[in-house]
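Visitor: To start, I am sharing the structure in question, which I have written as C-alpha cells.
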Amino acid sequence: MTAIVDIIGREILDSRGNPTVEVDVVLEDGSVGRAAVPSGASTGAHEAVELRDGDKSRYLGKGVLKAVEAVNGELFDALGGMDAEAQVQIDQTMIELDGTPNKSRLGANAILGVSLAVAKAAASSYDLPLYRYVGGTSARTLPVPMMNIINGGAHADNPIDFQEFMIMPAGAASFSEALRCGSEIFHTLKGELKKAGHNTNVGDEGGFAPNLPSADAALDFVVSAIGKAGYKAGEDVMIALDPASTEFFKNGKYVYEAEGRSLGPQEQAKYLADLVARYPIVSIEDGMAEDDIEGWKAITGLIGDKCQLVGDDLFVTNVTRLYDGIKNGYANSILIKVNQIGTLTETLAAVEMAHKAGYTAVMSHRSGETEDSTIADLAVATNCGQIKTGSLARADRTSKYNQLLRIEQELGTQAHFAGKAALKAFR
C-alpha cells in the first residue's frame, strides 16, 4: 500500500524568483506527497550543498536541473518500490548513494525534496496530518513565533549590519493570540516608520527595511511599536536578534560599516551583553561568527544563563557540530533548518540531541521560501516550542503561520501554546 511507485522532480521558483526543487512522491495506493525546498541567502560554510547548475545562460547560473535530474533518475531508481514508512532507511539510502560528507554530488536540495515528500506521502496514506504522523500522539505544542519585523544585513538593501530584529509574543495565551499581537505590532511599526520619514518597503522575509544608522535605532522603533500597539515589552512581547555575525566578521574583527567601527570577539560579546541589559532581548542567533569559537564561549559565559544563544551557521542542524557545542559549553540553542542538513531523519536527530542536552531548538525557514508549510508541522511534531518564519507579510511567510492556525484549531482543547516556558530567560 505505501510502496513508492513514482518520484517526480521539477524546477519551480522561490520567493526571490530563483529556481528551487519541488518533488512529488506517489505511493501504490495513490497517495501523493509534495515538498518544495527552501534556499538561504546568508548560508553557513558548513551547510549541506545546494546543487546549482552554474549555466550562466539560464537563470544566471542558478538553475537546478541537475538536482531535478538526480531526483527523477538516480534517486527514483534507488527508492522505487521501497516502503514510504521506512523513513530512516530511505534517508540513509540517499545519503549513501550521494557518497559525500555534504551531499554535494546529488545535492541536498534534491535529497531533501525527496525526504520530505516521502514523509508527506506516508502521512497522506494514513490520512494523518504531517505533525501527527511525524510526532505521534504527543505532538500538541504550538510554538512561540519569532517575527522578523525589521530586516538588515544580507536580507535588505539598507545600512543596518544586523540581519533581523524580531518580536516574540510569548506572553500570549494561544498561538492565534500571539499571531494577532504580532500583526498589530507590525502594522503599528509601519505607521511609526512612515511618520518618521522612512520607507516601508519590505525585505526578503517580509520585515521592513528602513535606512537606520544602528541596531539601537532599530530596537528603539521596535520597543516603541510594541508599546503603541498596546503591549508591554518584556512582559507580553520579547525581542530576538539575528545579527548573522559571520556576514560582517572580517580578519578577526566584527566590522560595523554603517557605524564606522570594528570590534574584537570579546568586545562583540560585551556589546551584545549590553544590548541585552538595555532592551528586553531574550534570544540572540549567531551573535558570534560561525568559526569564532572563543567568541561563542565568551558570550555564553557572559549571558548564557539569561539569554537564548542560538547557533545557526555555528551548528548548521548538524549533530556532530552540535555535540561539540554541548561538550565544550558554548551556545544553548540550535536553529533547525531542514535544508542545512538535507534529510528529515537528520533534522529530527538534531532536535532530539538538543533537547536531551537541555538546549532549546527553533524550527526555521530560509530567506528564499515557497508556499510549502512543512516546517509548521515539524515545529508541532517535535514540540520544539519556537518557530522562526518571517514577518506578517508575503504569502511565503504567512503560509506557515496559517498552517499553525489550522493545527491549533484541529487540536482544539489539546493544543498547548509554548509561551514563556519555551525561553531560557523564563526558566
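Numbers here mean position along the shown chain, with the first residue as 1.
From the backbone N, Cα and C atoms, a Cβ is placed for every residue, glycine too.
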Visitor: Of the residues Glu267, Glu285, Glu346, only one is listed by Swiss-Prot in the Mg(2+) site with Asp242, Asp312. Which is it?
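Guide: Given Asp242, Asp312 bind Mg(2+) in Swiss-Prot, the matching entry from Glu267, Glu285, Glu346 is Glu285.
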Visitor: Would you identify which residue of Gln163, Gln266, Gln268, Gln414 Swiss-Prot lists as part of the (2R)-2-phosphoglycerate site it also attributes to Lys337, Arg366, Ser367, Lys388?
Guide: Gln163
Visitor: If you measure Arg366 ((2R)-2-phosphoglycerate binding site) to Lys337 (active site, proton acceptor) at Cα, how many Å is it?
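Guide: Arg366 ((2R)-2-phosphoglycerate binding site) and Lys337 (active site, proton acceptor) have their Cα atoms 7 Å apart.
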Visitor: Name the secondary structure element type, per DSSP in three states, that contains Asp242 (Mg(2+) binding site).
Guide: strand
Visitor: Which ones, of the recorded positions Asp242, Asp312, Lys337, have a Cα no more than 10 Å from the Cα of Gln163 ((2R)-2-phosphoglycerate binding site)?
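Guide: So far as Cα distances go, the recorded positions lying within 10 Å of Gln163 ((2R)-2-phosphoglycerate binding site) are Asp242.
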Visitor: Determine, from DSSP, whether Ser367 ((2R)-2-phosphoglycerate binding site) sits in helix, strand or coil.
Guide: coil
Visitor: Where Glu205 (active site, proton donor) and Ser367 ((2R)-2-phosphoglycerate binding site) are concerned, what is their Cα separation in Å, rounded?
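Guide: One finds 6 Å between the Cα atoms of these residues.
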Visitor: Taking the centroid of the Cβ atoms of Asp242, Glu285, Asp312 as the Mg(2+) site, which other residues of that chain lie with their Cβ within 8 Å of it, listed in sequence order?
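Guide: Here the non-site neighbours turn out to be Gln163, Glu164, Leu241, Pro243, Ala244, Ile284, Asp286, Val310, Asp313, Leu335, Lys388.
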Visitor: Rounded to an integer, what is the Cα-Cα distance in Å between Asp312 (Mg(2+) binding site) and Lys337 (active site, proton acceptor)?
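Guide: So the alpha carbons of Asp312 (Mg(2+) binding site) and Lys337 (active site, proton acceptor) sit roughly 8 Å from each other.
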